[in-house]
Protein chains: 2
Amino acid sequence: MKLTILGCHSATPRINTNPTSQVLEINNHLFLIDCGEGTQVELRRNKIKFNRIKHVFISHLHGDHYFGLIGLISTFRLLTRETELHIYAPKGLKELVTLQMKLANSWTNYQLIFHELSSNISELIFEDDKVEVYTIPLDHRIYTNGFLFKEKPGERKLDMNAVLNNDIDLAYYNKLKQGFDVENNQGKLIKNKEVTKDPEKPKSYAFCSDTAYNEQIVEIIKEATVLYHESTFLDKHMQLAESTKHSTAKQAGKIAKLAEVDHLILGHFSTRYDSLNEFKEEAQTIFDNVELAEAGKIFNYSN
Amino acid sequence: MKLTILGCHSATPRINTNPTSQVLEINNHLFLIDCGEGTQVELRRNKIKFNRIKHVFISHLHGDHYFGLIGLISTFRLLTRETELHIYAPKGLKELVTLQMKLANSWTNYQLIFHELSSNISELIFEDDKVEVYTIPLDHRIYTNGFLFKEKPGERKLDMNAVLNNDIDLAYYNKLKQGFDVENNQGKLIKNKEVTKDPEKPKSYAFCSDTAYNEQIVEIIKEATVLYHESTFLDKHMQLAESTKHSTAKQAGKIAKLAEVDHLILGHFSTRYDSLNEFKEEAQTIFDNVELAEAGKIFNYSN
């Protein structure tokens, strides 16, 4: 699992700060998460192949999270893309993109498939044999979702010494990997757990931006490998965080602790702060394993 | 008169090429012309004060000419702008911006005034005591206008030697500047032309992008100080120019010659060309005074 940050600041794009966008690579998928203005240039800068992006997830329809999407859709068309593109976004985006296409008297030469979101409870919005994606309903000024990307559990691993000692026929190995008990060549029932080991813990990534402090998400993101939680403000600007329905670094730390995640990444920083170290220090008063997002930074979570 | 190029390439924004946008400073106005994705960052890079922009002119609703506008409008709001903003653009943009604002559950705290264009003949769309702006109907795949920015003629200049020799009372100086004949202290009628000189030639700027070769614009832009004419392609790609309703550098040169402008600036280059020198050479086979647009380049036309 690999996360590339394209932009991690709030509000307006500036010379050295990009609005929210990131790419998650998980089980050979390349998921684009949010798409602020300038995202297509950042994709180029980070040498991410446009054609590998087949799914785009948009948290909410504030501009700093989606104003780059229509340009990306157009660029895909100009590059004669044929691969279909799925867009998971709040209801309304389809109408908007349709109107923009109509005004330009054009449409895409590839299939553009909108999955419009409007539920206020967590739902499964993507699934294949290896990965699931769930929404994480957030608490912001407009309808907003985070997204939980989860690897499905892999097959159980054979303990080959135990398998051979128990004289189990090759034909049953797949059954063992799938977790079943099997009979050995002497007709004795062998308990699965005696001859297999747990698979590696499936990895998961929870993207939570933008949101006020909201303990209701803890249950959904429980024990995630990585939590990206917005921290627009520092604790000293708590009033601003409350009035704009954003979080502080300390609050992000609290959510990480309650959810017992392995890693916390902070992002969506207000451009009012010159140095971001205080964000890390503040979150670390609550939760140890904290890193700061940064445009161009890559987070690798390999086994 | 001063022109700052923010972007001058066609189609998709890339790391080193920005889509169309430029700022024209004329008689203390700062006019923003087209607004491709990333324009607000280029405005910052070129240190152009956001608040001085009160009028935005959008040629047409292809993305590379306006996808940066909604972000700019939002940023103005976040910066608590109070100055009104006028937007001159093809019909449809107001509906689009309104929908985007509705989806974000927000509106501007400043007055946003749309002047929607739909006429196919040149019309006066802005006028104050010093400047006029006319549309230049262009021939592109969708409804498109260029814009002609014209200084109004200044007052006539007093030839002070002649004025004093003719014994004209101070009270008549303003009349003289306005072009009237006056009586001198002896009651003799003095012809205006005998005691005044022509004012400096008013400057004008014609922005023509995007368009196929179109001689109908020549009459409108006749004798303009500066013509910015698109040259998406070189002559060797004439077929592409025709099928996409764009122009070649040679065709831009022809229009400049027919219109007898002082200066020609080429722009809207296709990103297929690595070097742009050929554009200049090609146009110069027809018209001498050619320059190439370039992001960050400033063209000054002082007296």
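Cβ coordinates come from backbone N, Cα and C, glycine included.
Sequence annotations record features per position, and here TrEMBL assigns active site, proton acceptor to B:Asp64. Secondary structure at B:Asp64 (active site, proton acceptor), as computed by DSSP, is helix. Non-local neighbourhood of B:Asp64 (active site, proton acceptor): B:Ser10, B:Ala11, B:Thr12, B:Pro13, B:Pro19, B:Thr20, B:Gly36, B:Glu37, each in the same chain, at least six residues away, with C-beta under 8 Å from its C-beta.
Feature annotation from TrEMBL assigns Zn(2+) 1 binding site to B:His60, B:His62, B:His140, B:Asp210. The 10 Å shell around the Cβ of B:Asp210 (Zn(2+) 1 binding site) contains 26 further Cβ atoms across the protein chains shown.
Under the heading Zn(2+) 2 binding site, TrEMBL lists B:Asp64, B:His65, B:Asp210, B:His268.
For chain A, the nearby binding-site residues by a Cβ gap under 8 A, listed in sequence order, are B:His62, drawn from B:His62, B:His65, B:His140, B:Asp210, B:His268.
Contacts of B:His268 (Zn(2+) 2 binding site) defined by a Cβ separation under 8 A and a same-chain sequence distance of 6+ are given as B:Cys8, B:His9, B:Ser10, B:Thr20, B:Ser209, B:Asp210, B:Glu230, B:Ser231, B:Thr232, B:His246, in order along the sequence. Looking at B:His65 (Zn(2+) 2 binding site) and B:His140 (Zn(2+) 1 binding site), their Cα atoms lie 13 Å from each other.
All protein chains considered, the CB of B:His62 (Zn(2+) 1 binding site) has 24 other CB atoms within 10 Å. Cβ proximity to the Zn(2+) 1 site centre (mean Cβ of B:His60, B:His62, B:His140, B:Asp210, cutoff 8 Å) flags the following additional same-chain residues: B:Ser59, B:Leu61, B:His65, B:Leu138, B:Arg141, B:Ile142, B:Thr144, B:Ser209, B:Thr211, B:Lys245. Every protein chain considered, the tally of other Cβ atoms within 10 Å of the Cβ of B:His60 (Zn(2+) 1 binding site) stands at 24. A C-beta separation below 8 Å, combined with a sequence spacing of at least six in one chain, links B:His140 (Zn(2+) 1 binding site) to B:His60, B:Asp210, B:Thr211, B:Ala212, B:Lys245, B:His246.
Packing around B:His65 (Zn(2+) 2 binding site) is summarised by its Cβ count: 26 other Cβ atoms lie within 10 angstroms of its Cβ, all protein chains included.
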